[in-house]
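Reading through the structure tokens given below for one structure.
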């Protein structure tokens, strides 16, 4: 997913140098999307791997969907994680979608906005990889997610301030890099944490509901941030496109975005506490018997 967004940030400004190339861009994105859909539909025929992926999966009978859904809605830790994770997804979606419009008002080019988006995604991929390796060894899911949420909130505040200034390309690049590094680092670990705090509810239910929360909040935040923009007259100092009569000032929107990110981080840091239910079960299983096909560490 992050690699696809990274490619989109690099390909879009390179292909669409004129309005007539927009259909070409749709084709470039549409063909691999259709191929992926066909491959996923026709190529996946088994519901689970031939050997258990973990000790907890050996004798696990997942909860029925509606029973699992009921358990999730009464699980305080999961609800806090779901809302906080969804808030993060919503803000990252809004950031990557509106980045060009935010920056062009202060004279930053479309190419530079695409570069910032690429830095945001690429270093997010690096952050997710490094933090994932660290958590895999230490099992400090909660601590890492809390730290990443806080640091990404600080990066969003810095972006809100610096993006309102002109000629700050270097700082904007660094902030985009850090925003992606810490924001995306929490992405896969929060998914693991959702499974840990909701076990034995099926992973598909707990992670799927978190993604739905993210998509709903993405829509809300995008509508909210757009509504807070201030329409101004086009200026020669702006790079929002030749011939535009009006452009938008996103200063208030970026401050609100930073505030929402900070609020979500504070709620998660203060109120989220959980036991690692799946890891505890795996520890008991490996203590009691040797599991075929599963190596304990």
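Backbone N, Cα and C define each Cβ position, glycine as well.
TrEMBL labels come from automatic prediction, so no person has curated them.
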When you get a sec, could you say which of 52-70, 147-165 is annotated transmembrane segment by TrEMBL? 147-165
In TrEMBL, which of the ranges 250-272, 273-295 has the transmembrane segment annotation? 250-272
When you get a sec, could you say which of 111-135, 211-235 is annotated transmembrane segment by TrEMBL? 111-135
With contact taken as 3 or more Cβ pairs under 8 angstroms (pairs 6 or more apart in sequence), are the transmembrane segment (171-190) and the transmembrane segment (20-44) in contact? no
